[in-house]
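Data first, discussion second: the structure below is written as structure tokens.
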Amino acid sequence: MMPNERSAILGDRWDIPIPYELAVNLSLNYKGVILRAFEQFRLKSCIDFKPRATENFYISVESRTGCWSYVGRIFPGGQTLSIGNGCGLKSIAEHEFLHALGFWHEQSRYDRDDYVTINFENIITGQESNFNKYNESESTTQGTPYDYYSVMHYGKNAFSNGKGITIITKRPEFQDVIGQYLDMSEYDVIELNKLYKCNSWVEYTAVVCEWDRFVRFTTSSILVFKGARLLGVA
């Protein structure tokens, strides 16, 4: 992830579908990972992607050093998103494309200090900016609660200098939950649909179940998240 990168931006967002190009230096396997990530966005939101024709604003997916993306739609002429060596997981691709779509890291929320403690003394020198917070004038939580399950949340050892963990959750039961790279969480999906005003997806019913997870319904289809009970269609 690039320094200074789930609060969402208040700035420019992409028109849908989003044009993209896959660089020739991406392996066939990594191209497949990216396309599977695209399918998750299609299934869970109104976000779609299309191969670039002549569009000036587009995402150039390349294999550079590491996994990183700019946040939001920044500049024309091909905005780089890197899926480098070691980044070949669908959830990592989802993470980076969520950055491109306008999402900061979850622990960058302006209310994060109510939910986590950042141990700056344990962070590699020069990497402290990765733990910046973004205030209400430059980001929005869209009214959603802090999400320890977010695919946009750092793990407890992120950028550790070896002296100890860098993020302590104020609810101990979530200490080993943060940093999961399985899939977008329920609230990742809800925030994405709110940010892009996905008309048939923005109405939902969220009900707390015994696993402190949520079930979400859409007006056009039904989407049940793992760990949640099916309670009925809104």
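Each residue, glycine too, has its Cβ placed from N, Cα and C.
All TrEMBL annotations are machine predictions without curation.
TrEMBL annotations:
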- GLU96: active site (ACT_SITE)
- HIS95, HIS99, HIS105: Zn(2+) binding site (BINDING)
- 7-199: domain 'Peptidase M12A' (DOMAIN)
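Within the model, the domain 'Peptidase M12A' (7-199) carries an average pLDDT of 92.
A simple way to gauge crowding: the CB of HIS99 (Zn(2+) binding site) has 24 other CB atoms within 10 angstroms, across all the protein chains here. DSSP classifies GLU96 (active site) as helix under the three-state reduction. Around the Cβ of GLU96 (active site), 25 further Cβ atoms fall within 10 Å across all displayed protein chains.
Taking the Cα atom of each, the residue listed as 'active site' and HIS105 (Zn(2+) binding site) are about 10 angstrom apart.
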